[in-house]
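Database features, via TrEMBL:
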type: TRANSMEM; residues: B:12-33; note: transmembrane segment
type: TRANSMEM; residues: B:68-93; note: transmembrane segment
type: DOMAIN; residues: B:69-259; note: domain 'ABC transmembrane type-1'
type: TRANSMEM; residues: B:105-128; note: transmembrane segment
type: TRANSMEM; residues: B:140-160; note: transmembrane segment
type: TRANSMEM; residues: B:181-203; note: transmembrane segment
type: TRANSMEM; residues: B:209-231; note: transmembrane segment
type: TRANSMEM; residues: B:238-259; note: transmembrane segment
Amino acid sequence: MTALELRELRKTYRSRGRPAVEAVRGLDLGLRSGELLGLLGPSGCGKSTTLRMIAGLESVTGGDILVGGASVTGRPAQERNIGVAFENYALYPPLTVAENLAFGLRARRRSLRGDVRRKVAEIAERVGLTDVLDARPAGLSSGQKQRVSLARALIREPDVLLLDEPLSHLDAAQRDTTRRELKRIQRDLGHTTILVTHDQEEALSLADRIAVMRDGVIQQLGTPYEIYDSPATSFVADFVGEPAINLLPGTATADGHVRLSAGVRIALPVPVAEGRAVVVGIRPEDLSLTGDGGIPARVVAHEPLLESGIATLALDGVERHLVVLTGPEVRLAHDERVRVAAGLTHVFDAETGDTLR
Amino acid sequence: MKRRLVGRLADAALILYFLFALFPIAWMVLLSLKPADQLFSTYFSFTPTLDSYRTVLGDSEGIPFVRFFVNSLVVSVGAVALSLVVGLPAAYASARWRFRGSENLMFTLLSFRFAPELTVIIPLFVLYQKLGLFDTYVGMVWVLQLVTLPLVVWIMRSYFTDLTPELEQAALLDGYSRKQAFFRVALPLVKPGIAAVSLLAFIFAWNNFVFPLILTSSSAQTVTVGALSFLGGDRPKYNLTAAAALVSVVPPLLLALTIQRYLVRGLSFGAVKS
């Protein structure tokens, strides 16, 4: 069953004397019930605008939003039953945690007093806030504030849960624990969820499916593996993966290779017409240093990361450097040979950035 | 050693400034305590008496000072209350929404404070005469909006702007109406601002001189004009004027002292991530 559906959703900002800005242009998206979808993209790609339109905090220029099969476009936020955990938490400072959680339940006045107390205790137990129910937001850590914000969104049992950059204000240690918590809670309660983030790691680790957005358009929608293994465009390839994929421009040759420079050629995974300008994408983890065979290269920088390392290599006559995931020990300024793992090369059209298949 | 010397010098400078600033008030106090026949003595020894205060508050000399005092309270409180009722929603709206002409509207409000009051007072006088607003509470409360409303709107606008809109949006998603979000979420968070701006507006309204001077004659006259009536007559009674002026400082002073803790408290501490 489709819990949330976006049809041809558009948002255009118009202001007098300035050109109209198309923030979201024709988004189509469907979420199965209980699914967690990551909306991933750089800042300004329209992902937050999309979230705000779903929540009813932003008007819709065109298209339709359906929750549980019924259109909610044009309905005010109050009537949509959508829970949002805001990026800045937006907790009411004069109220305690318990009061913050109860505040939302009181709005509709259908809950009895004892009922409210029971629900607050229940959700606090779920997200691990029982000890701080009487504290005020100012006295909480960012991780706790995040959980209060999440609990407040969940307590009303929303049809759809929207998480806006839930981990971006946490430090590294809290981020890891909160991420696991988030995944557990979402699985437990089974809410249909959209996670908006610019952090690929967050999206990859939490989402069932990821939609990569750019300039108001979804570039690719798929499982984390699909996004990683077969990116639809060079933008998606570049945005997902750490360290970032190597993108090297070159020209296709008659014998199924791409020429990066006079002396450097790499085999192409698919046949490409001779002379066509392409961009080759190779992930740092699909490259390895070898004693013999492969392409000659020179190590210009190396970052040791305990169990592994990242080496930056210069190829003969190629302008861009090549980043390779290596073992912990690499000798600087040393001549090496680098080998490309077979079948894991991506090739994109130089003009459009689309994957050539 | 050196730091202590600097500290001492700073203290001395502060004391000097203190004396300089308080001298006119001390002079007034002395004046108000002098008996009428020693008013113009140039030496500082005199027999202190509270006669001036008795005269002023006892409504003798045919000048109803207590009445003026009450008038001042009524029109100042009235002006502030009306400004809050009208100004808080206006400030909120202009902080949250850009609508056509919103900036012009805000500027127009501010421009009320540019022009000297004397430029509008003659037409206002004629209008007030015709409309029957002359020398009435309603008329005074209304005209004092020129003073208090811009203050309330502009100061409260910045308080509302500092408030992150997500607070109200969270309330909307919970099912609260726009009105409830304003009253139950936004308004309680700007309480310190409301206290501060009310005090400021009250002082401005209380101290206003030109409007009551021209637009009232007796029944709605305020202390600022009323205190001067003691200077009229055959002989200016400076001791009575001084006593009246000092009495009229009391309400703003009391208000300032009681409201002080609101003035310094943080606005929405802990509302968002710091």
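Positions of Cβ are set from backbone N, Cα and C atoms, glycine also.
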Counting only CB pairs under 8 A, let me know which of B:12-33, B:68-93, B:209-231 has the most with the transmembrane segment (B:181-203).
B:68-93
Quick test of the contact rule: Cβ under 8 Å, at least six residues beyond the ends. What residues does that give for the transmembrane segment (B:209-231)?
56, 61, 63-65, 68-69, 71-72, 75, 117-118, 121, 124-125, 128, 133-137, 139-140, 143-144, 146-147, 237-238, 240-241, 244-245, 247-248
With Cβ distances under 8 Å as the criterion, find the stretch in B:105-128, B:140-160, B:238-259 that has the most pairs with the transmembrane segment (B:68-93).
B:140-160
Same chain only, please: residues at least 6 beyond the ends of the transmembrane segment (B:105-128) with a C-beta under 8 Å from a C-beta of the stretch. Say none if there are none.
94, 134, 139, 143, 146-147, 149-150, 153-154, 157, 208, 210-211, 214-215
